[in-house]
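Heads up: the structure comes next, in structure tokens.
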């Protein structure tokens, strides 16, 4: 794959991983399922280090799948309603692509809030454990865009250019064959943020009095959103509200919220809980 990227042969083999009779396993679904499984195992490992029963994540992952995937789809459909108004059954064809991470974050956050209260867990400590798995899952899931030949950027002739089949090109750009692989940019960016969050997590384990509860969540919001603001500007298929790219507006808002959170934790409210408080579950 690396050789293909840098020798101009970078293109999707198609959306279907394999097919047996009438059953087709699509790469998009396989990658989402893989991200969920890998994320679950990572959460159990990190959660145990923070004093959370790993078995709780077996329940939480069901809550998240039930909440995040439908909300990601509905968020996308809401801003693309003209495409679905006359073919509303296509709303359920999620295997064809068309989900929005910000929608998933909204649904997932609500699910985590309800779950944490139901199980008497610290909401912010739970988020600090979950966010490294979330960003890793995003890095994996972005490759679904590659196999679907979607979510690419403007035409380019860079060595790592991505070939897009004629049928998937925008109508006004059919004469161009190669485009920015924005999915790849975001996947690599997310892996970098994942490395930062993991490093911060283990720094917190070694120096618990120096890490405030909620820090990792705030760093995630800032790190991921900064990359999304940049990458979204390259894409040709952004969800729009008038002249505004929705993902950029939301991402800028999340950067501001994450920055405000860091300021609040470390400058305005220095007596807030840090990681030295090990009682994460109320008995």
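Even glycines carry a Cβ here, placed using N, Cα and C.
Features as listed in Swiss-Prot:
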{"type": "TRANSMEM", "residues": "20-40", "note": "transmembrane segment"}
{"type": "TRANSMEM", "residues": "60-80", "note": "transmembrane segment"}
{"type": "TRANSMEM", "residues": "94-114", "note": "transmembrane segment"}
{"type": "TRANSMEM", "residues": "121-141", "note": "transmembrane segment"}
{"type": "TRANSMEM", "residues": "183-203", "note": "transmembrane segment"}
{"type": "TRANSMEM", "residues": "214-234", "note": "transmembrane segment"}
{"type": "TRANSMEM", "residues": "248-268", "note": "transmembrane segment"}
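Proximity of distant same-chain residues to the transmembrane segment (20-40), defined by a Cβ-Cβ separation under 8 Å and at least 6 residues beyond the stretch ends, is recorded for 57-58, 61, 65, 69, 95, 97, 133-134, 136-138, 140-141, 143-144, 147-148. Within the chain, the transmembrane segment (121-141) has long-range Cβ neighbours (under 8 A, six or more residues past its boundaries) at 31-32, 34-36, 38-40, 42-43, 46-47, 50, 52, 56, 101, 105, 108, 112-113, 115, 186-188, 190-191, 193-194, 197-198, 201, 213-217, 220, 223-224, 280-282.
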